[in-house]
Amino acid sequence: QSWSETKGSFTRVWIPDPEDVWRAAEISRDYKEGEPVLHLKLEDETPLEYPIGPKSNPLPFLRNPDILVGENDLTALSYLHEPAVLHNLRVRFLESNHIYTYCGIVLVAINPYEQLQIYGEEVINAYSGQNMGDMDPHIFAVAEEAYKQMARDERNQSIIVSGESGAGKTVSAKYAMRFFATVGGSANDTNVEEKVLASSPIMEAIGNAKTTRNDNSSRFGKYIQIGFSRHYHIIGANMRTYLLEKSRVVFQAEDERNYHIFYQLCASASLPEFKDLSLTTAEDFTYTSLGENIFIEGVNDAEDFEKTREAFTLLGIKESSQINIFRVIASILHLGNIEICPERDGESCHVSVHDLHLKHFCRLLGVELQQMEHWLCHRKLATASETYVKTMSSKQAANARDALAKHIYARMFDWIVEHINMSLQTSSKQHSFIGVLDIYGFETFELNSFEQFCINYANEKLQQQFNSHVFKLEQEEYMKEQIPWTLIDFYDNQPCIDLIEARLGILDLLDEECKVPKGTDQNWAQKLYKQHGSSAHFQKPRMSNTSFIIIHFADKVEYQCEGFLEKNRDTVYEEQINILKASQFQLVADLFHDKDDPPPSKSSRVNVRAAKSVPKVPNKDHRKTVGHQFRSSLHLLMETLNATTPHYVRCIKPNDYKEAFSFDSRRAVQQLRACGVLETIRISAAGYPSRWTYPDFFNRYRVLMKKSDMMSSDKKLVCKNLLETLIKEPDMFQFGKTKIFFRAGQVAYLEKLRTDKFRAACIKIQTTVRGWLQRVRYRKIRKSAITLQRYGRGYLARTAEYLRLTRAALICQKQYRMVRDRRAYLRVRQAVVTIQAYTRGMFTRRIYWEFLLHHKAMIIQRSVRGWLQRRKFRRARNAAIIIQCAFRRLRAKRQLKQLKIEARSAEHLKKLNTGMENKIVQLQRKMDDQSKEYKAQNEQLQMVNASLGSEVTKLQKQLEVIRGQQGDGGQLTSLQDELERLREELQEAQAERKRMEEEHSTEKLSLQQRVEELERENSLLKSEKEEMNQRILQQSKSSEASQREESLQSELDAERQRYQNLLKEFSRLEQRYDNLKEELSLSKPGHRRNPSNQSSLESDSNYPSVSTSEVGDTEDSIQLVEEMGVEKAAMDISLFMKLQKRVRELEQERKRLQISGDDSFLSSDPTSEQDTADLAYNSLKRQELESENKKLKNDLNELRKTVAERASQNSSSNELQDGYNLLLSQLKAANEELDARKEEVLILRTQILSTAQLQEKNQHIVSPHKEPVDKDEALKAYHGLTDKQQDWCYLNEDGELGLAYQGLKQVARLLEAQLQTQSRQHKDELEALHTQIELLKDDIEKKQEILNYTMSLSPEAQVEYSVQQEITRLTNDNLDLKELVEKLEKNERKLKKQLRIYMKKVQELEASQAAAVTGRSRPELSRQVTVQRKEKDFEGMLEYYKEDEALLIKTLITDVKPSTVSATVPCLPAYILFMCIRHADYINDDQKVESLLTSTINAIKKVLKKNNDDFEMTSFWLANTSRLLHCLKQYSGDEVFMTQNTAKQNEHCLKNFDLAEYRQVLSDLSIQIYQQLIKVAEGIIQPMIVSAMLESESIPSLAGVKPMGYRNRSSSMDTDAGGPTSYTLEALIRQLGQFHGTMRDHGLDPEIVGQVVRQLFHCINAVTLNNLLLRKDVCSWSTGMQLRYNTSQMEEWLRGNNLYQSKAAATLEPIIQAAQLLQVKKKTSQDAEAICSLCTALTMQQIVKILNLYTPLNEFEERVTVSFIRNIQNRLQERNDPPQLLVDTKHTFPVLFPYTPSALSLETLHIPASLGLDFLIRV
């Protein structure tokens, strides 16, 4: 509101100050209108009385609220005036280190005098495409605004950069051009943008110099037009220069330098190509040593000269032309050193002919020495009739020499600019351009001359254009919003411009005076006084007649007239120019020829005085003065600027000492007044400077509204009603179409109301909360007091009556007892006194006699007692010594006995080795059990011996019968001998058995010792494991822990892989063993059995056979346990239960077979020699295979132990390890028992078959001579009995005796085998029982532990534990049911497989019939017939004809759509292509393979180039290309890629060609497609990131709105498109989900999908963080909360899609920490330490930048103090962070394509008919 409404105490104001210009104060006492004094209090609590006057001292300016301090845009300030602007710039520059600030349409740039990391390419990319108000102020934002408006409005643009010398104009213009070169780079390879940038070092070298204010001051103005094509690419550029400071060539003030090119050339004079220039150091030349300091700190002239030469070369200037340019520059230095000697008369002078510098000057320029020597000291005067040659004084000659030097340099400067423009020109048509004007700002010095006059004249014109443009924008804004337009009074400097350039103005009078032959500066000054003395902008100084004052828009400037005429004329003598025109060097001659003149002939070069009319021509040419030329070029510039849309950059010099981040308020205010910034503020303040959109105003000030208004849908009406209620003066605001306009101060008033409302609400909340807390506390105290009172009163009520009665009784008792005791006392006392009198006399006499007797007795006692004590002491001492000796001896004996007992007892061993007693007891029990078993076996052996004896007697009887029949006694004797030999062999077998038992006992002892050794080793290993764990824990604290962990993990994975391979090898060997057994059973040596007979024999047997499928199930279960790993194996008990069940079944079947085998064996007659031989052969072969199988199983067990040990070392869970070891031991026991059952079943089956064959043999006796020959050979190979058989045949022709002998031998061997089998069986049963005992013990221990654990639990926990036990039992039951279901499913699969086989046979039959009917009459067959025929034996190959290759590529690649194959197998085109490649490889057609692969790769590239912005197509072909690459690897035949293949897949491997080179090509193509996929995805999501992550309100009503000034004004937005599109977080996540779903549907590998998501998340993080670092409006607490919520949603999306392990979440860490940084406290040193430990993913520059940008949205928040930021910087100094501020958005993570083989079998692949691939033939 107005001052009168805010004049109360505590109002903050600005008062003038002589040092700081403005000073902050606070009103300490209420002010009333009319009071002469305003009572103030300064910031240091100093009181001040500020006088108030209506004219002299007006009321001070009001200060803005703290929430508005540090705004990006000065027009956003509520109070717009000079102190507010100065304070805002100071705060931003010093506290936040922000050098750019908007002031409406003007960008204020303060020179930091320090290199800042805010101009990199990543910053350009961040600002590209953004609206001007969306990002922090920057020169790139202005450049982007110009570029955008040029493209949108098709109107040329201009960027006007102005400021004092040293303010940073040249650097700002350079960065603007760099932005255009980066954003609008050339479309072809001409590199025009590089040439545009290359012009900068050249122009700096020839046009910049060191001044007292700036080390690189531009001493000329330039306007660079950058041309753009229709597609807005740079196609060329053009440069115009203005008012080069030529006087600097011949004169420099103290501590200044000449142009840089002179010093660069002198620094490089030692180069061989510059030896001809005859240059030395710059100190040796007059023109470079006048400033007395030829060096600039931190600048290397030689290096800069190399950059200048490189820029010349880049612009196309030849090396010869460069040398000529440097010759001209060197000649200027030599010209300055020419010594002009005066003559004695003083009117003439001469130059020595031997002057070395004159010779160098003439040689370098190629002119005649005599002519130049002459005309340096003479001049020509031309009249109408004749021409005179006049001498010059030395001073005149020196001036003429300097004028010549300036003219040469100016011509060379123009020539270089012209050739730069020629190299930047293009033949293409220019569609539009952007001009960058780098021109000097307003200048005022102690001595101001002609140059300052021209500079200030140009600034007057630019200020006029600036004022009109600002006024025009204000008018357009008001008209657009349709608010009442009121004329704004702004400063018009047209009178000042008329004073300078109007008719008879200052420039006209100057030109007129220059035409006068004897015109002087004094005469011109008098004319000025006379002509403009009455002008309001012209003044005459009081103390001078040779100077004048002009009142410019910025300040009053006094100009000295001396030198004006000479500088305006720019006099150079024609004779000297003509000599230079006649130079032998073409470049020098071209420098001084005008463009309109024809090239001179040879005669004109030789004869200088060719005609009399020659002097008139140069007079006509040189008639234009410098002022006239400057005025013309300035008018042309203004016409160009008026035809473009201007953008303004005002550069401010903060101090005159070039100190980094030092702010001088007086110098800053002076420049702000001069550059028009305050005028912009004044124009804005005169109207409606504060502007709010209706939604922003509603969100910001809805706290001031009523609840009913907030529910209204018409926000515009609500805002109108609110403002009409709050602000009573209607002129203080206006309602536009989209915005609300406020007068100055109204926003501050609304902020005050909003703050008051919040403060009242806070007070209300605090009051309520504090009252509630006090009421709660009061209720607690009151309740406690009532409780105490209740208990106290109850106690008192119960004890009060009792206390009264007790007290009364006590009183009565006291009185009665007192009287009674008093009387008794008196009686006793009287009696006592009488008794005492008599007694004392008697006692005294007695005492005397007693004392006398006592004295005598004492003498006697003393002597006696002394003797007694001495005797007693001697006795006691002797007794003690004797007792001690006896006791010590007894104790020593006991200790010795105890030690002996302990040494012999097991307790000692138990102490030495804990747990050995139990083991000894167990071993003792085992010994007892084994002894019992040995007894049982002996009994069995005796029974067997008895049976054998009975058998022998039978045989003897048979022999006797045979002897009686044949009557041959010799054979009987031999048979008896043989029988005796057999008995001996049986005895030997028994002895062998005893020996084996002894070996078993010794082996048992050795095993026990081995067990003990293993236990000791186990204890040592445990200790070593604990030591290793401690070492690992210690090493984990070091930095290498992660690497070691990864290496250990990789080793573990490798070990696991090798273990899996060994398991597979073991299963393969087991299968091979089964195959060998089948082969053995089918092909026996001897005679060949009919397979049908064998099958019928087996089918006719009444005894059940072993189910190989069930055995296979058990083995598969064991293998599954091994493959499941440590964790699952310990938990899954169903496998073990299955094994136990299978073992029980085998045990039952073994018993049945044994019983049946015994019966059949006893009932049979073992007389078959052939069958027993077969049995022996089979048993030997089987024993060999079984021994090999046992070795393999032992190896497997060793591997299991190794894996278990490594798992125990790597696993951190002891329970998991114990469970795994237990399961392995159980599996081992089950395997051993299963093997034993297998062996027994096989033996019993052999017995059954042998008995059956013997019966058949008895029925059908076959003669020996009909036996096949192979039987004898087999017996000879395995038994070595051929010779013996032949001998027996010789003994008996019919061979019956030999057969009987062989039968007996086989029976003996069979009995021996049975005996060994039974002994092995008993051993196995014994081991099984021991194992069962151990298991039972473990079970008992576990149950005991469970019982103890259950008893220690609470009742609730016991209930819970019992529930868990019940769940475990139900789980076991469920496992049984699962096992049943698995069996049923397995049977179902078998039936299905059989059904498919039958169907296949039927199809083969039908196909063969169809083929027989139709035949192959032509190559093209119908698809149905082809499918039926090829389905016969489909090998996963596709055949096509060569002419169909183009059709295949077109159908499968070019024309295919991802949607057509989405419902089929993923990556179907890749599989089809590979099947075609397989067929080409199968037929060994290398040309076909090469052609198909080349066509495929080229077609994929064409499709991707055509669809370069289609994510679905790119993802589709990335999946197919990678799958084709995997197929080439999987079926390449390399063992590395075949480890996971099935046997069928290994059969499909390529046979003839090695396609490794094509695999590399496909790998490169996959990487290219991946990069294109990333580019397409980033291009889709990049426009969504900022809006979704930073701007959308994911948490409603959380974000606050602040005054944003001109942000999102109409000129910055594309209004035709309806404004920028806003995206929500849901839209971004939806888009990411669409990407993920597309890649997943296309079958892309999960690893690649994870890498894509990681790259996209990096892009999201980089763009979000970069925008956060470049936007002050989003650096607030609410944005941090919003951002943290958004990132959590992104992480939740990753978890939901199983992508959290892809390292994508780690890429969000910087933005998460930035969000946390915005939310944490930022006050104390503890907060600083917490921030440093929290923000590890952010660099120091980023942390400091965010803290500087942090903006409170409410009065209750506090800004981050400068001291806190300095504290953070000091703490983070040790970090070695990269210097760049922004994150590189183009960073790409390295992509890896892991090998993932396919489990799909090629023969099962189905090609849908919709693809149209009927021409492919399945092979």
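Every residue number used here counts from 1 along the chain in the order it is shown.
Keep in mind that glycine also has a Cβ here, set from the backbone N, Cα and C atoms.
As annotated in TrEMBL, region 'Actin-binding' covers the listed stretch 634-656 rather than the other ranges in 128-150, 381-403, 634-656, 1669-1691.
Long-range contacts of the region 'Actin-binding' (634-656) within the same chain: residues 89, 93, 103, 105-113, 139, 142, 145-146, 149, 153, 155-169, 172, 176, 213, 223, 240, 242, 435, 437, 441, 457-458, 461-462, 465-466, 469, 662-664, 667-668, 671-672, 675-677, each at least 6 residues beyond the stretch ends and with a Cβ under 8 Å from a Cβ of the stretch. Away from its own ends, the compositional bias 'Basic and acidic residues' (988-1003) comes close to residues 934, 941, 1312, 1315, 1319, 1323 of its chain (Cβ-Cβ under 8 Å, at least six residues beyond either end). When other Cβ atoms within 10 Å of the Cβ of K169 (ATP binding site) are tallied across all protein chains shown, the result is 27. Helix, strand and coil content of the region 'Disordered' (988-1053), in residues and according to DSSP, is 62 helix, 0 strand, 4 coil.
Secondary structure of the region 'Actin-binding' (634-656) per DSSP, as helix, strand and coil residue counts: 9 helix, 8 strand, 6 coil. Those same-chain residues not listed among G163, E164, S165, G166, A167, G168, K169, T170 yet with C-beta within 8 angstroms of the centroid of the ATP site C-beta atoms are N111, N214, S217, S218, G441, C651, K653.
Fewest Cβ neighbours within 10 Å among the binding-site residues G163, G166, G168: this applies to G166.
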